[in-house]
Amino acid sequence: MSCITTNNVKRLIILIIFVVIIWQFYYYASSKHNNNFLNEKIAIVPHDIKCLFNQPNCSEADVDGWSLVQAFIYFVVGLIIPNKYLIIIIVSIILEILKPFIGYEPKYIIGPLLNTTGYIVGSMLSPCKNNYKEKYQIFE
């Protein structure tokens, strides 16, 4: 039995839309007061790692609240649609490449690493994992 059903995909799309709407409302409201706690640095990444490609403003590419929110979204995706690692890595890299075009600062190394880590953890904890013991009868 596979857990990738039409209902799960619909729920995932609704969840992502809901999170993006809340994200935008919060960002708009907090930008007026300049106290957006999600912009606070949580972990400082070594300069050689975050500036691997020498992109502009790479020195600000540390782990912040927004990075963890994205990792949490990927965690939820991993719970609902597990074991699609290559697709998740490609999507994560493409989104980081597109960020400068929509006005966000990209984190070319840290973003995909955190997103993939969130997805892997969600995928490992997913109740939708294939049961290879029953499917292939190789373990007894």
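Note: Cβ is positioned from N, Cα and C throughout, glycine not excepted.
N57 (N-linked glycosylation site) falls within neither a helix nor a strand when secondary structure is assigned with DSSP, and so counts as coil. Around the Cβ of N57 (N-linked glycosylation site), 10 further Cβ atoms fall within 10 Å across all displayed protein chains. The N-linked glycosylation site annotation in Swiss-Prot covers N57 (among others).
The local packing around N115 (N-linked glycosylation site), expressed as other Cβ atoms within 10 Å of its Cβ over all shown chains, amounts to 26. Residues or ranges marked as N-linked glycosylation site in Swiss-Prot (evidence: sequence analysis): N115 (among others).
The feature transmembrane segment is assigned by Swiss-Prot to 12-32 (among others).
Per Swiss-Prot, transmembrane segment is recorded for 75-95 (among others), and the stated evidence type is sequence analysis.
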